[in-house]
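These come from TrEMBL:
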| type | residues | note |
| --- | --- | --- |
| DOMAIN | 361-402 | domain 'SWIM-type' |
| REGION | 446-471 | region 'Disordered' |
| REGION | 492-655 | region 'Disordered' |
| COMPBIAS | 529-538 | compositional bias 'Polar residues' |
| COMPBIAS | 539-561 | compositional bias 'Low complexity' |
| COMPBIAS | 562-571 | compositional bias 'Polar residues' |
| COMPBIAS | 573-600 | compositional bias 'Gly residues' |
| COMPBIAS | 635-655 | compositional bias 'Polar residues' |
Amino acid sequence: MKKNRQLKTTWVAKQFLEVFKARPHWPAKEIMETIRRAFKIVVKKEFAYKVKYAAHDLLHGSMHEHYKKVGGYVATLKSSSPGTVVELVTDVSKQAFLPVFQRFYTCFEGLQKGWKQGCRKVIVVDACFLKTFLGGQLMSAIGKDGNDQMYPICWAVVEGENNLSWQWFFLLLQSSLDLGEGEGIAIISDEHQAILNVVAAVLPKAEHRHCARHIFAHWHKAYRGDEMKLLFWKIAKAYNLADYNDAMDELTQLNVDAATAFKGYKPELFCRAFLDTSMKTDAITSNIAETFNGYIIQARTKHLIFMLEDIRNNLMQRLVLKRQQMEKSTSVLCPRIQQKLEKEKTKAANCDVIPSTDTLFNVNYYLDQLVVDLEARTCSCRKWDMFGIPCCHAIACIFFQNKEAKEFVDQCYRREAYLTAYAGSIPPIDGERYWPRIEYHLDPPPIKIGPGRPRRNRVKDPFEISKKPGHLSRTGMEMTCSVCKVKGHNKRRCPNRNTTVVAEPAPKRPRGRPRHDGQPPHSRAPSVTAPSSTVAQATTPTPNTTTCSAASSRNTRASNTHQSSSCQPTQLGRGGRMILGGRGSRGGSIGRGRGNTGGRGKNKVPIGVGMYVASDGTAMTSGGRGRGRGRGKQKATTPIGTQSSQVSSCHQPTQ
């Protein structure tokens, strides 16, 4: 082993280009070890980082070259689908020479037609952060399909959430979907002031619902406790004014200040008892938009064109898969709607029906008496009116008439409407080499420099435990006794501890697929050491190194020299947060975590390309990707005959 000054980073990067394509965040330690095993040369960590940067430069190009391709990408999208709405906005005030990228809007023709023809008229809007060193946010408008799942409509990359960016987004959304002034449309969002202002100006006739989950997060900080939490959602989810008033009286008796604070958030904007029933949706949260934000979390780590292509590819495939799954179904209703209908059928057994006419009925449900009209498809509880699925009271009347409940479900939940929504498609486009060569000089957006020292840690919740990040304190929460099932104490202070007979808990189901011979699954069976003739596959660990793009951006914050940095994707840590520096999301590399050294094992083998050769000539590779890889366990592989077979394996990407 020796150093070699003639070894160049660009040559090494070309040798391992396929590996970097499969593993964008290949750790520097493994790069050093692979070079040592493959070429018998010892290199420093700085050399490994330069190799990584050179590889990403070859794969992705620089930032300036990346944004020069935006013009060709826009032309390709418009040529593949003329009805697709693509809008690019540049800022000419940032620099005197070249325009600077500011916003990018995309709405495919297949998604436009699908939402207009097969979805309910409800739109959930939200914005999420992009996880690159350039910053920015991605705005999205999400609908609901007939199976009560997300249906992405359009999305846009903007510089941030403000009045101008939201107004630009809603104007394009209005023209893409022909919303007019918003009549018969429901908009659901959080209480961001810019969204409130823009919806009132652009869509004045739309019903703007506020997300109850965001309101609860603010309200619950002052009025904590399980009882308060249950009462909040009992009030918000009440379908009629009678249930709403009863739940509000219950909250008032418990805490007058909590009830007053609740009314200060304008219940008519997020409580079901006050909402319009014509849209056939009871949604009072923006969870469907948060679902989309999590769906594209890996795409958000990449730069503009790579991110937009990932989103397009994922949704293009999703439209086909959803359509094929529904075509295989023989049910009249969508699967999730059928499950909800079955739950209402179970409750209908407790209803007593008293007919007035062939379509009007009195229904006694426990202590309640309600009126059901099958012709108008209404019920006093307003659940059928709002959601479009017959409630238990209506189902009891339908059974009284010897009819099927599925015949009274709204048309938007039927199989035909679902297939109509997914009948469209997102067209495929050619690769970058086949795009039209358009000379469109565009600079990337500047890096935002905030006042003061850059924040390294996120802003924590007031009730979050400082020693345990991500864990909230139990202040204000009530204990439930596991013996007598009463709130207010635990089993150590239970007065009935010596008199109550505690039932033994049911045995846990063993993991793994059950075997036909009655033996425990293979995951519970004792492990057997693999013979030396078997070859163990190496797995890919979670890298704990910092990307070169983040390092280069920190050194060039004061200028726009980040245009020459690489367009490699950002590395994510635990919880989807960006890794800005250090040893990764979990800190060091020793201990029981998923570090580079593999838990408490004594014979530790690095993960990645390349392998260790033991003294007896057998190759040692790493095991599974669990929490650590055992206490001193090792897996043997077949002897390596020549050094060439070992070197050739270094050029194969890790799965």
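For all residues, glycine too, the Cβ spot is worked out from N, Cα and C.
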Beyond the flanks of the domain 'SWIM-type' (361-402) by 6 or more, those residues with Cβ under 8 Å of it: 239-240, 243, 272-273, 275, 277, 280-282, 337, 340-341, 344-345, 347-348, 350-355, 408-410, 412-413
Confidence summary for the domain 'SWIM-type' (361-402), mean pLDDT rounded: 95
For the domain 'SWIM-type' (361-402), the number of residues DSSP places in helix, strand and coil: 14 helix, 13 strand, 15 coil
